[in-house]
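TrEMBL has this to say about the protein:
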type	residues	note
DOMAIN	B:10-113	domain 'Dihydrodipicolinate reductase N-terminal'
BINDING	B:Gly15, B:Ala16, B:Gly17, B:Gly18, B:Arg19, B:Met20, B:Gly83, B:Thr84, B:Thr85, B:Ala110, B:Pro111, B:Asn112, B:Phe113	NAD(+) binding site
BINDING	B:Arg39	NADP(+) binding site
DOMAIN	B:116-245	domain 'Dihydrodipicolinate reductase C-terminal'
ACT_SITE	B:His140	active site, proton donor/acceptor
BINDING	B:His141, B:Gly150, B:Thr151	(S)-2,3,4,5-tetrahydrodipicolinate binding site
ACT_SITE	B:Lys144	active site, proton donor
4 protein chains.
Amino acid sequence: MTPTDTIPLRVAVLGAGGRMGSEACRAVEEAADLELVARISREDPLEKVAEAGAQVAVDLTVPAVTAENVSWLVDRGIHAVVGTTGWTEQSLAPLRTQLEGAAGVGVLIAPNFALGAVLAMRFAEVAARYYESAEVIEMHHPNKLDAPSGTARHTAAAIGRGRAAAGLGPVPDATEKDPDGARGAVVDGIHVHAVRQRGLVAHEVVQFGGPGEQFQLRHDSFDRASFMPGVLLGVREVAAHPGLTVGLDGYMDLG
Amino acid sequence: MTPTDTIPLRVAVLGAGGRMGSEACRAVEEAADLELVARISREDPLEKVAEAGAQVAVDLTVPAVTAENVSWLVDRGIHAVVGTTGWTEQSLAPLRTQLEGAAGVGVLIAPNFALGAVLAMRFAEVAARYYESAEVIEMHHPNKLDAPSGTARHTAAAIGRGRAAAGLGPVPDATEKDPDGARGAVVDGIHVHAVRQRGLVAHEVVQFGGPGEQFQLRHDSFDRASFMPGVLLGVREVAAHPGLTVGLDGYMDLG
Amino acid sequence: MTPTDTIPLRVAVLGAGGRMGSEACRAVEEAADLELVARISREDPLEKVAEAGAQVAVDLTVPAVTAENVSWLVDRGIHAVVGTTGWTEQSLAPLRTQLEGAAGVGVLIAPNFALGAVLAMRFAEVAARYYESAEVIEMHHPNKLDAPSGTARHTAAAIGRGRAAAGLGPVPDATEKDPDGARGAVVDGIHVHAVRQRGLVAHEVVQFGGPGEQFQLRHDSFDRASFMPGVLLGVREVAAHPGLTVGLDGYMDLG
Amino acid sequence: MTPTDTIPLRVAVLGAGGRMGSEACRAVEEAADLELVARISREDPLEKVAEAGAQVAVDLTVPAVTAENVSWLVDRGIHAVVGTTGWTEQSLAPLRTQLEGAAGVGVLIAPNFALGAVLAMRFAEVAARYYESAEVIEMHHPNKLDAPSGTARHTAAAIGRGRAAAGLGPVPDATEKDPDGARGAVVDGIHVHAVRQRGLVAHEVVQFGGPGEQFQLRHDSFDRASFMPGVLLGVREVAAHPGLTVGLDGYMDLG
């Protein structure tokens, strides 16, 4: 997986001064098959990426500048792995057009670099076809401002798609009396519960149930380090996937 | 725990035709130190309990008749182990008075015979003193009509008592945006979540969190059989506890 | 999933007197799109299957007779769904040959009808490609004679295949001192632990770990009823899969 | 719990240059009711503790010097909270003698400052009385050299004591065939399993089982920070417990 007897891939990190960015620099430096050739912070000119001869750039900046960054990279034939949020169909459209004229250049836009979260979502959609009941419990540190998490919403949507594909109706639920809302939120027909607990980071449990049986998926992120295997996978694979890919699952072998 | 070289204790079961009652009959019959001397169903006269020479009677009938049954038993010096719900301070008061005049007779009123549920509640109250965060997740089959479960409510109350004893304030929770109620019910200041899933029976998870740490209690009831060790504990111990005891924990060594 | 406005599929159950067989009879009877037309016990002649006009037969008999049963069914153009264990490459070979001359007839040999176990194994193989660490914990009732379970062995093998496909080496493990064997069994390079506990039935946990992250799959079988959705899936799909299929996953959409 | 309107307690930390020590300094500094008056590293003379007017000293040094440190502190009437390992009955004996002549001075020797681990052990001993089956699963990072962990061994011993007190015999286990040791280690009659997984830190699961029922305790340490509430509890309580206390549970209200 990490061949060391070949010439290392030359990688730049944009947003290197941020928390995710500095973690990414560290991960690239530690990988024997990659070479960190440029750390670009807010004040640095993008030209340094080209001057350093980067083949792949990781963009971990902010929504306000990411689209401009990626356009600049594609113009210079540099592959881009993008973890910055804020991309919409509106900002993706011109990028698609630009990539049509940039043969061989690959761009990955990944809203979530945690491989486990990507696996959980895909497996949840598949398992959903086979179970009468499904619920989602997400658990985070108590400083989180919104509930439920975006990942839990996406997982509920994936379960909904799986159920629809299998022709399943609503989940069984005889609750008549729930004065305080213990049954939680309902997203795409799926009940979603949010726990907030000191000491936790980001966790998700997906539970499926059928007669005499339960099936569970669980993903725990204890640390920002958990995103790095996904970043490195993107860096290594982006050149082999020309054009635009949205979602890390496009690079994963989930069959 | 189950000495077989002594004369077995003579036990009657009231409500023997019900689901809990028939399970209790089976459990008594299988215990080497107990002898089932009377199975009393709705149509049977209580006199059969006395005629059979029962020393202990297990009442698993219905709220409408349980108080009358117990009064009848105490009058005849027969110890009573009562799992029937519906007892209130109003119905307990005359029983207390009656027991003052019935030296040596013991009555146990146990709202929950599951030893694990009793342990979870007690441990939750103790652990609550030492953790900044606490939440309860109960999970049941989807035919349950109310949410959250009574056990979850009692557990939240126990956690609240533990926190109060330790001088802890409200649990930390920065949630500002929760449009669909994912944070669940709040009982005595504790968030309580109810999951309904085909294939499950009755399950409870209590989660505590502090900096860098999590502590969990979990109890799973897969089957009505899980109540029988509690019933048998009550039967064996009731003679040694004259007067009224409410709650199986009064007979347990939880120190 | 269970259309009721069409003519029901005519189903026979072989081994109807056994525990799995009687459960299967009940499941077929309760399914609106299926009709139970024959319950065949040890003493019944197979002719009753044909006389009843069965289109699909479920074989839940014993290793000694299952090959003969299936051959008889294929000869008469009756599709077979087989849960009996004991099939080997040697007994499958003549069946394959027979099916070549039986156009349109389908046979499913399924060593495990629990959909959750099938999902867990498949997902484990996929997830294994992305994690440095992987272990298996299986948990069963204390009357089980062998450890670890066959399902746990198969899961470890699936993880091993996934790791090999991804070019992963041995799992990291610095253990130098383990005098009592706490690290468990090693199957295809994967540590496997077996728990035996009163009250449990059949449970499997697969745990994957990477830097700052954990991913878990868990399957709980509480009851023989958990095999019935798999049996019914086989019955409904066998006619659409002519020839021999080994493993229920061949009928599932796991993409 | 942390009154701020009183004069802060004056605290010294010995071993302040180590990982636990520097974490303890940070925790004391952040506590409004405590004041860090001395950080003592290997090269510093102990006199600085007395000169700084410390009322309590936390010893997080090394086995070679801890006994000498504590003796010095007791001589000067300074309470000691000790997390250093390596104390034996032989080194405790002279300390006990010394404390007899040092009225009002308290010393706490705590092999484990994780409140959750202390709770798990105590609750395990209590729950063990009520369940036929019990097993322990400990999970750690893959750099750990020994298996099972000391905490798991102590927990198994606690379960053994609980079972003995209740007159319970061996756990039920029909295993006849376990060629690769999947059933794990046996410590005091209890099966103990050790999992090693990248991304984990220190985790323990205790599982109890009875007919139709399961009871679980789980403690997760994600971070060294999880020991600090225990250290602070010791610092705050040591003056109220003159003489020697071994084990943090002596200061906790576990009734």
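Cβ from N, Cα, C; glycine included.
The binding-site residues considered are B:Thr85, B:Thr151; of these, B:Thr85 has the fewest other C-beta atoms within 10 angstroms of its C-beta. In sequence order, the recorded positions near B:Thr151 ((S)-2,3,4,5-tetrahydrodipicolinate binding site) (Cα within 10 Å of its Cα) amount to none of B:Gly15, B:Phe113, B:Lys144. Counting other Cβ atoms within 10 Å of each Cβ, the lowest count among the binding-site residues B:Arg39, B:His141 belongs to B:His141. The candidate set comprises the binding-site residues B:Gly15, B:Pro111. Of these, B:Gly15 has the most other Cβ atoms within 10 Å. Counting only the Cα atoms, the space from B:Gly17 (NAD(+) binding site) to the residue listed as 'NADP(+) binding site' is about 8 angstrom. Classification of B:Gly15 (NAD(+) binding site) by DSSP places it in coil, neither helical nor stranded. In this structure, the CA atom of B:Arg19 (NAD(+) binding site) is 13 Å away from the CA atom of the residue listed as 'NADP(+) binding site'. It is B:Gly83 that, of the binding-site residues B:Gly17, B:Gly83, B:Gly150, has its Cβ surrounded by the most other Cβ atoms within 10 Å. Among the recorded positions B:Gly17, B:His140, B:Lys144, B:Thr151, the ones whose Cβ sits under 8 Å from a Cβ of chain A are, in sequence order, B:Lys144. For B:Phe113 (NAD(+) binding site), the same-chain residues that are 6 or more apart in sequence and have a Cβ closer than 8 Å to its Cβ are B:Gly83, B:Phe227, B:Met228, B:Gly230, B:Val231, B:Gly234, B:Leu248. The highest number of surrounding Cβ atoms within 10 Å, among the recorded positions B:Arg19, B:His140, B:Lys144, is found at B:His140. Comparing Cα positions, B:Lys144 (active site, proton donor) lies closest to B:Gly150 out of the binding-site residues B:Gly15, B:Arg39, B:Pro111, B:Gly150.
Taking Cα separation as the measure, the residue listed as 'NADP(+) binding site' is nearest to B:Gly15 of the binding-site residues B:Gly15, B:Pro111, B:His141. In this structure, B:Pro111 (NAD(+) binding site) belongs to neither helix nor strand by DSSP; it is coil. Taken residue by residue with DSSP, B:His140 (active site, proton donor/acceptor) is part of a strand. Considering only the recorded positions B:His140, B:His141, B:Gly150, the residue whose Cα is spatially closest to the Cα of B:Pro111 (NAD(+) binding site) is B:Gly150.
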